[in-house]
Amino acid sequence: MLLSSAGLLLIAYPLTVGGERRWPAWSFVMLAAGVVALTVFVAQQRAKTAKDGSALVALSLFQSKAFTGGLAAHLVFGLVSGVLLLTWVLFMQSGLGLSPGQFAPASVAISIGGMGGAMLASRWAGRHMRRVPQAGAVLIALTLAGYQLLVSAQQTGVPFVAAVAPMILVGAGFGMVGAGLAGLTLSQVGHEGAGSAAGLFNTALQLGTALGIAAASVVFFDHAPAGSDGTTVTSAFAGSIWYVSAALVVMWALMFRLPKPTRSN
């Protein structure tokens, strides 16, 4: 437990703050140390499994195509969430000039959409299986494509309603992906591995979010350094959407490893 926690911390911390500090040498040292710690942890778990089956993580989970695909897709989902939500907040506040108080109602849009998307996923996943989170990924991608065109054309002149309304659809896509992935991935795990699977699933999302924040330093802050405003920020946000869209394609492809619908469904 200590090794895994230390390894994840050594990786997550430099990924989160390294970009804003121009990736100092210590950030790479911490990343390398984190990889070493996790490698030792995996070796330790293998040894415990071979000895008496007392491993903290059930490594047999990774023999399941559905679980590994769902776990990888969840990692990318965290990355997408980290990049998009961070850059969208900066777009709204530094690009469009909204105060935190003015932005607060806008942030509710994603939550409303997310609740609706999760409800749809819970209702449809049993019948349509992997098509549900895949449809969520497509919904996010198509909405962001239109959003990118809007921002590129209007820059700082994007009306408040036009900047907020599409995020309801993005939130719905997030809800469909998040709830659909969780249900389809964890349902493939037996009772004996449920605890390990849930822990790995949550860790993948957290690590993905840290990776997303780190990626934002490349796809956004390289074009709009801290303190930027106006069109510098709106242009950087419009450009970052293309990277998010590419990650969505990867996530959509990984979902083909999840269970597909059958006639019995």
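Backbone N, Cα and C atoms are what each Cβ position is placed from, and that goes for glycine too.
Remember, TrEMBL labels are computer predictions, not curated facts.
Pulled from TrEMBL:
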type	residues	note
DOMAIN	66-265	domain 'Major facilitator superfamily (MFS) profile'
TRANSMEM	24-43	transmembrane segment
TRANSMEM	71-91	transmembrane segment
TRANSMEM	103-122	transmembrane segment
TRANSMEM	134-154	transmembrane segment
TRANSMEM	160-186	transmembrane segment
TRANSMEM	198-221	transmembrane segment
TRANSMEM	241-258	transmembrane segment
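Most Cβ pairs under 8 Å to the transmembrane segment (198-221), among the stretches 24-43, 71-91, 134-154, belong to 71-91. Listed by sequence, the residues of this chain that lie at least six past the ends of the transmembrane segment (134-154) yet keep a Cβ under 8 A from its Cβ atoms are 80, 84, 91, 117, 121, 128, 162, 166, 169-170, 172-177, 180, 234-235, 237-238, 241-242, 244-245, 248-249, 251-252, 255.
Of the candidate ranges 24-43, 71-91, 103-122, 71-91 has the most C-beta pairs within less than 8 angstroms of the transmembrane segment (241-258). Counting Cβ pairs under 8 Å to the transmembrane segment (71-91), the stretch among 24-43, 103-122, 160-186 with the most such contacts is 160-186. Counting same-chain residues at least six beyond the ends of the transmembrane segment (160-186), those with a Cβ under 8 angstroms from any Cβ of the stretch are 66-67, 69-71, 73-74, 77, 81, 84, 88, 91-92, 96, 98, 105-106, 109-122, 125, 129-130, 132-133, 135-140, 143-144, 146-147, 150, 154, 194, 197-198, 201, 251, 255, 258-259. Across the domain 'Major facilitator superfamily (MFS) profile' (66-265), the model assigns an average pLDDT of 89.
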